[in-house]
Amino acid sequence: MSDLKTAPSRGAKAAGATADYLDQRTGVGNAVKFFARKVFPDHWSFFLGEIALYSFVTLLISGVFLTLFFVPSMAETHYEGPWPSMNGVEMSEAFSSTLRLSFEVRGGLLMRQIHHWAALIFMASIVVHMFRVFFTGAFRKPREINWVVGFVLLILGLAAGFSGYSLPDDVLSGNGLRITDGVVKAIPIIGSYLSYFIFGGEFPGTDLIPRLFTVHILLVPGLILALIGLHLFLMVMHKHTQYPGSGRSNTNVVGYPALPAYAGKLLFNFFVVFGVIALMAGTMSINPVWNYGPYDPSPVSAGAQPDWYMLFLEGSLRLMPGGTEIMLGSYTLSLNVIIPAMIVPGILFTLLGAYPFIEAFATGDKSEHHVLDRPRNRPFRTAFGVSLLVAFGILVLAGSNDLIATHFHMSINDITWAFRVLIFVGPWLAFLITKRICLGLQRKDRELVLHGHETGRIVRYASGEYIEVHKPLDAHERWLRVQHEAIRPLEIEPAEDSRGVRRKGYKADRLRQRLSQLFYEDRVEPVTPAELAAAHAAHGHHDDHAVETPHGVPAQVGAGAPASETAADERNH
Amino acid sequence: MKALAARRHDRRAPALLLLLALLLVGAVYAVVAPSSAQAATKTATADDIAAGEKLFQANCSTCHGPSAAGTDSAPSLIGVGAAAVDFQVGTGRMPMQMSGPQAQAKPVQFTDEQIAQLAAYVASLGAGPSIPTSEMVDPALGDSASGMALFRTNCAMCHNAIGAGGALSQGKFAPNLWGTTPTHLYEAMLTGPQSMPVFNDANLTPEEKRDIIAFIDEQGNGSPGGLDLGSLGPVSEGLWAWVVGLGLLLGLSVWIGAKSS
């Protein structure tokens with residue numbers, strides 16, 4: 001080994017020289033030093049955003065391959081190829097080239113399936129990552145902007161997915177485009193003009209596929225790339241959040257430096273994500289467009305649904321009762337489309353995107369937060385997030401109502417009615433239940449901190465009293481359960497001053513207070529040091545004693561019990 | 001020539017000519033016309049009809065009435081033809097196991113011979129569509145590309161794009177078609193069982209029916225892309241993306257995250 005140190009190999013010399021060359025000209029050494037020393041707090045849930053990032057990389061790689069063979073044209077052609085049920089069928093160049101890509105280009109079908117599965121995984125991991133951030137409160141100051149960037153990335157992901165699966169020009173995606181056309185046309189006043197603008201005339205026209213192609217391969221991915229850059233830049237600038245624990249605070253970051261070990265883990269994650277997607281693409285068929293056939297506006301097949309991330313919109317439309325069109329003179333206001341396709345998603349997405357600002361307003365908190373919340377410690381937020389998920393979940397199930405009907409032998413009419421009720425009741429129930437569970441878990445935490453773990457050991461004193469021995473929490477366990485701050489509803493100045501003059505701005509303050517009460521009225525406060533000391537003084541010593549000297553129990557029994565230990569309020573612990 | 005000419009003017013000649021013309025028309029019709037009313041009726045004997053009537057009285061008359069004229073709970077079978085009987089009984093839908101949104105397919109309750117006897121009996125009650133010949137339903141003789149176009153326009157809105165089945169109102173459903181025999185597919189199109197509309201020979205010609213059968217025959221044998229996930233479309237794909245994809249990725253994330261800490 002010493003020989004190697006004294007005389008570096010030719011390879012090491014060359015690498016050193018190259019690095020030096022680059023560093024003198026670009027100053028890259030500083031960047032490498034910075035990132036090598038960058039600290040990554042370690043937790044599995046911090047990989048969720050990485051899954052989204054790596055599935056996007058997979059999308060870019062496979063997407064480039066697809067563009068080499070896909071023909072974005074609605075020009076008419078007749079298919080001649082190995083798929084018998086399409087032979088001689090009239091179709092667009094887009095559909096024909098998708099069939100060629102699937103059946104004649106070597107590896108083409110695999111790449112198509114990698115691309116499509118990666119898109120589904122991309123959206124799913126965005127949602128999971130987003131709700132990790134939501135439930136742990138990682139969107140709080142200074143990260144509100146980054147939440148919005150992430151939210152826009154979610155919307156762009158929807159746009160990328162929608163423009164992408166419409167490209168093959170098959171019946172199924174064409175049905176989706178027809179629904180889009182209907183939704184656009186339902187926009188009051190400008191609807192029909194906008195539809196003609198988008199489709200270059202009456203639906204479907206001949207312009208749409210080339211336009212979607214540009215949107216799908218240039219516009220949306222460009223924006224996504226730029227925003228991912230901003231998202232990651234802000235993440236580096238803010239430094240990573242960390243879960244609460246002993247030694248972790250809002251002024252430090254506890255974790256592993258990127259080099260030597262963590263960078264390897266990041267790289268390994270990419271191969272894991274790519275591997276899982278390739279495994280799915282190699283074994284499971286996705287979007288078999290040859291089943292649906294080339295687009296024709298007349299047929300719609302049973303089980304026509306969009307990809308899962310657009311299914312909430314389909315469900316919303318399926319739930320809406322018909323007959324809610326209003327005629328204003330000669331003008332039709334299509335509330336049967338406007339409500340399910342614009343208002344319902346509008347409310348849900350606005351709540352999701354604006355939540356950090358709503359919570360900051362209700363909390364009145366201007367300080368920076370780098371330590372994450374445990375979801376139970378913020379019952380309103382957790383319950384709100386769960387009810388949003390439940391609302392989306394019900395819409396997704398409503399969008400699958402025909403498959404639920406056939407697979408569980410139920411009536412599609414009854415299912416639809418059940419979901420019509422559940423879309424109002426379900427999120428509300430989910431909110432109440434989740435909030436109660438959170439408060440219950442917080443009480444459990446208080447109980448643990450004050451009285452310790454149950455050991456299952458029952459001790460009998462000479463006086464005849466029985467107690468159960470509790471093992472006190474160690475400092476780390478206790479810190480995890482008491483470190484969070486209690487947020488109380490805002491207190492505001494009275495409506496009138498001492499001389500009975502009405503105060504300006506009272507109404508706004510009152511609104512804010514009401515919101516704050518909604519958020520924080522029901523709460524379980526963490527144990528304070530004084531409470532802990534009081535609990536220990538009251539009964540702590542016999543527990544501690546019993547645990548510390550397990551062989552001393554008979555002596556205890558023999559020694560009898562002091563009066564304080566037989567106090568009525570201590571018997572049931 | 002004169003003798004021939006004289007004989008041509010024989011007064012019996014018009015009647016003879018008419019007879020020959022009728023025979024010719026009949027022969028041509030027999031060759032050209034779609035050969036319905038063949039299999040069952042041709043081979044059906046009076047014994048078959050009698051045996052079929054006995055089977056009918058024992059197994060069907062409770063609902064369809066002793067004379068097959070129908071009751072409040074079941075339709076009349078006069079004029080439904082042998083094809084309807086062969087489909088309903090041959091797929092196990094009849095005799096009906098229980099009342100419900102629709103009669104469901106179940107293990108067949110009769111032997112082929114008994115089904116033929118029942119069909120002969122019902123066919124004898126009134127003219128109706130008969131069982132198609134094996135040539136009429138042979139998928140190899142059909143054009144699946146034409147079948148694809150016809151299927152999309154006429155069948156896919158209920159039976160799904162490639163016949164995987166779909167939901168109808170009030171618990172009724174259009175069943176999966178992949179396991180149905182070509183003859184039963186043909187008979188279903190011809191007789192329109194339950195919620196299904198009738199596709200008579202004016203709607204879909206016998207050749208077009210055979211094209212559809214050829215298209216269905218190509219489906220349900222797996223997908224070039226791997227597991228077909230039921231061929232149900234994006235909902236099942238999304239479900240498996242979450243279960244398999246996210247399931248594996250989250251599991252591996254927990255594993256990688258747990259390795260160091």
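Numbers run from 1 along the shown chain.
Cβ atoms here come from the backbone N, Cα and C positions, even for glycine.
What TrEMBL records for A:18-244 is domain 'Cytochrome b/b6 N-terminal region profile'.
If you look up TrEMBL, you'll see A:51-71 (among others) marked as transmembrane segment.
Annotation comment: TrEMBL describes A:114-135 (among others) as transmembrane segment.
What TrEMBL records for A:147-167 (among others) is transmembrane segment.
Feature annotation from TrEMBL assigns transmembrane segment to A:213-234 (among others). Same-chain residues lying 6 or more positions outside the transmembrane segment (A:213-234) and placing a CB less than 8 Å from one of its CB atoms are 53, 56, 59-60, 63, 67, 70, 72, 143, 145-146, 149-150, 152-153, 156-157, 159-160, 163-164, 167.
Under the heading domain 'Cytochrome b/b6 C-terminal region profile', TrEMBL lists A:245-440.
Marked as transmembrane segment by TrEMBL: A:266-286 (among others). Listed by sequence, the residues of this chain that lie at least six past the ends of the transmembrane segment (A:266-286) yet keep a Cβ under 8 A from its Cβ atoms are 47, 50-51, 54-55, 57-58, 110, 113-114, 116-118, 120-121, 258.
With a threshold of 8 Å between CB atoms, the same-chain residues lying at least 6 positions outside the transmembrane segment (A:337-358) that come near it are 134, 139-140, 143-144, 147-148, 151, 155, 182-183, 186-188, 312-313, 316-317, 319-320, 324, 381, 384, 388, 391-392, 395, 515. Feature annotation from TrEMBL assigns transmembrane segment to A:337-358 (among others).
Residues or ranges marked as transmembrane segment by TrEMBL: A:379-397 (among others). Outside the transmembrane segment (A:379-397) by six or more residues, the chain places 131, 134-135, 137, 308, 311-313, 315-316, 319, 344, 348, 351-352, 355, 359, 373, 404, 419, 422-423, 426-428, 430-432, 434-435, 438-439, 442, 518-520, 522-523 with a CB less than 8 A from a CB of the stretch.
Marked as transmembrane segment by TrEMBL: A:417-434 (among others).
If you look up TrEMBL, you'll see A:534-573 marked as region 'Disordered'.
Annotation source TrEMBL lists compositional bias 'Low complexity' at A:552-563.
Per-residue pLDDT, averaged along the domain 'Cytochrome b/b6 N-terminal region profile' (A:18-244), amounts to 94 for this model. If you look at the transmembrane segment (A:417-434), the same-chain residues 6 or more away from its ends with a CB under 8 A from one of its CBs are 315, 319, 321, 379, 382-384, 386-391, 394-395, 397-398, 401.
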